[in-house]
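One structure below.
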Amino acid sequence: MRRFLFSDPDFQTAFKAFLDERRGSPADVDAAVAGVLEAVRTQGIEALLDYSRRFDKVDLTAETIRVTAEEIEAGAAETPADVREAIAFAAARIRAYHSRQRPADQAWTDEAGVELGWRWTPLEAVGVYVPGGRAAYPSTVLMNAVPAQVAGVDRIAMVTPPGKLQPAVLAAAKEAGVTEIWRVGGAQAVAALAYGAGPIQPVDKIVGPGNAYVTAAKRRLYGVVGIDALAGPSEIVVVADNKNNPDWIAADLLSQAEHDPAAQSILITDDEAFAAAVEQAIAERLKTLATGEDAAASWRDHGAVIIAPLDESPALVDAIAPEHVEFALDNPERLSDRVRHAGAIFLGRVTPEAIGDYVAGSNHVLPTSRAARFQSGLSIYDFIKRTSIVKCDPASFAVLGPHTVALAKAEGLPAHALSASVRLPSGD
């Protein structure tokens, strides 16, 4: 864990060096991924099944690769009642939040008489990647599938590594209306969604988190399909004063540290004694936390405490551009309203980031690795597209046509000019 004093003369230099550090050391998997993608593209289902045997040690067929409706129902029934209730509660709130994002079509006639506008249409098919193992989270299903459903996507295809499927993940899929689930993971699953493979039909966009192989596959396939983002390790910044319970703030910092040894948790406070109390609370919690090994590595290698006047916190947050930021303060808006670069902002002393991960309704798929400078979190805008509409009548074309001809000639594109000039009263 690093400690920074804003008052130190070399603070800005040291802080910038800290931000520029690369978190995690992902293997160079691009070459291996390229081979997997090409094999699935050219060999289809045969390559997909072969990779499942080699990498996942399961023997699937084109008939057994799909999760049946009966398996989905059984998984949902196996999920404890309180978890099913929480899934339904979360899904309803996510649905309500994202329903408010629906944009309206626009149409108008301008002063030249040209009819202009745009219309929004949903994507036809979307693939959702849901990791397996410890990272098989029902919230991943909800946060990716529910907005797609709200947007009006016709087909949502989910892929998840083979093996014992987490009942809660199947319960979440049922709640989100996902009936097409394929037991395949890794780069080969991403390739199958992009190119199609046997019974798996191609999609228009792929969303959802994954390991280095999945991320590399999404990067390579961008252009063949759309993707949501290239997700990095989780991040949180907590801006807190000494009126907070140190144990609460420690828990908030650990909530992201437990995801991954490469995750990053940063405390900004104006009180050194409070910072020390939070550090002590973290040390105590790590002794009993089930995910303590990952959390301890994250806090040790990538954590930071910044002692600075709270009025400086918006500028510091903008420099970090974190995935999540909490302002655990009275009247937090006085500072948060000045923040420009953050994936999600949580306000007040009783609004921990974990609420946003599950049940607030806002999306937990957020930009990482300082991408909040130019990117937003997942929303229905990721599942719709805007098409421009233009209509001229003879009178309005007579206004626009000559200018079109002039610009086309200036650009050396005679066929463009001709396309307009032949429609003008003077002809070509």
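Every residue gets a Cβ built from N, Cα and C, even glycine.
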Going by Swiss-Prot, Gln256, His259, His416 bind Zn(2+); tell me which of Asp204, Asp318, Asp330, Asp357 is listed for that site too. Asp357
Residue from Ser234, Ser369, Ser376, Ser396 that Swiss-Prot also lists as binding substrate with Gln256, His259, His324, Asp357, Glu411, His416: Ser234
With every protein chain in view, how many other Cβ atoms are within 10 Å of the Cβ of Ser234 (substrate binding site)? 25
Given the binding-site residues Gln188, Asn211, Gln256, which one's Cβ is surrounded by the fewest other Cβ atoms within 10 Å? Asn211
So how many other Cβ atoms are close to His259 (substrate binding site), meaning within 10 Å of its Cβ? 20
Using the CB centroid of Tyr129, Gln188, Asn211 as the NAD(+) site centre, which other residues of the same chain sit with their CB within 8 A? Pro131, Val159, Pro161, Gly185, Gly186, Ala187, Ala189, Val190, Gly210, Tyr213, Val214, Ala217
C-beta crowding around Glu323 (active site, proton acceptor), within 10 angstroms: 29
Hey, what's the Cβ neighbour count for Glu411 (substrate binding site) at 10 Å? 10
